[in-house]
Amino acid sequence: LQGIFVLGLPYALLHSGYSGLFLIILAAALCCYTGKILIACLYEENEDGQLIRVRDTYEDIANACCKKLSPKLGGIVVNVTQVMELVMTCILYLVASGNLLSHSFPYVPVTEKTWTVIAFVTLLPCVFIKTLKIVSKLSQLCSLVHFIVILVVMTYCLTQIHQWSWAKFRLSIEFEDFLVSVGVIIFSYTSQIFLPTLEGNMKNPGEFRCMLNWTHFFACVLKTTFALTAFLTWGEETKEVITDNLPSFLQTLVNLCLLTKALLSYPLPFFAATEIVYACISRGNHSNYRSPLFALGVRGSFLVLTLLMAMFIPHFALLMGLTGSVTGAAMTFLLPSLFHLKLKWKKLSFLEKCADISVFILGFLCSLAGIVCSIKGLLEVFE
């Protein structure tokens, strides 16, 4: 919930003004809600009225919803969407690593692609990750590094408090710029892909809803505080990645921290993507598909694929925006609300049905707007 997207929030406020502060709060509430209804779809009541976990994954939920149409259609759609988003996320971390290394050591005569390969070499041990426990340890370190970056930026901002002015906020906003802000803010909260696995691995799954409430609350407070202090410091000069606004003596330190964060962030989407693919392939009875060596081959192939795509995809940022608008909105808003309506329709109150339908419509509009903006950007680049 506190990923690299957070560094773009001050820039989002530049283009959304006061409405951006409201959006940060609204996005937290909506993403928390869709997380809860997604997990609710994993459970059904037994004859005694007790909730029993009858499904384990996002794929199982999709298959249950589409079983009358086709037993496996829903699962295929969800798996393809999940893998697309996870792979693109891995590629983004690799590209970011190469870029950060290039900017941290400008005096070294090495191209950005070569730096990307160097970053890739440090990620080779990922092929040996077999459990979520190892990933969680790396994610803990990632969170620690992230808070160091946030602390450095906010400390510098507080030293400039004498320059703060609420007059820097825009009252009038341009619609297209506003849509960019909406995308940055909403997708900084997305975590639905990981939730079924996370809830299934909790020692006490009954505390999941409470955990989701508190994490989204604290994420909202931190995002709002960070975005507000940074924007009040630089105003109209706020850059897309706020660390670029820092003085040079701090930039190198922060860039190295961000590099560490990017490398530590890679294992989570990588592990999730390879687990999905391996599970799909090994469902057959052929014992070769369930061997440890085959699993190692799947993870190794994925690792190389992310490197090749990171090095050779042109206009990556625009393609990432297009993919995020399609897969991010689908996995975060469209599918959870649609599945919840399908599986729980008879047990939902009128207000719950209205809430799910509203979230679906909002997600559809966000996705459509993001697709239009991304395609427009791609056309402008190719022209």
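Yeah, the Cβs are placed from backbone N, Cα and C, and that goes for glycine too.
Positions annotated as domain 'Amino acid transporter transmembrane' by TrEMBL: 2-375. The transmembrane segment annotation in TrEMBL covers 20-43, 76-95, 115-132, 144-166, 178-198, 210-233, 253-281, 293-313, 319-339, 359-379.
The largest share of C-beta pairs under 8 angstroms with the transmembrane segment (115-132) comes from 293-313, of the ranges 76-95, 178-198, 253-281, 293-313, 359-379. Touching of the transmembrane segment (20-43) and the transmembrane segment (178-198) is concluded from the presence of at least three CB pairs under 8 A, sequence neighbours closer than 6 excluded.
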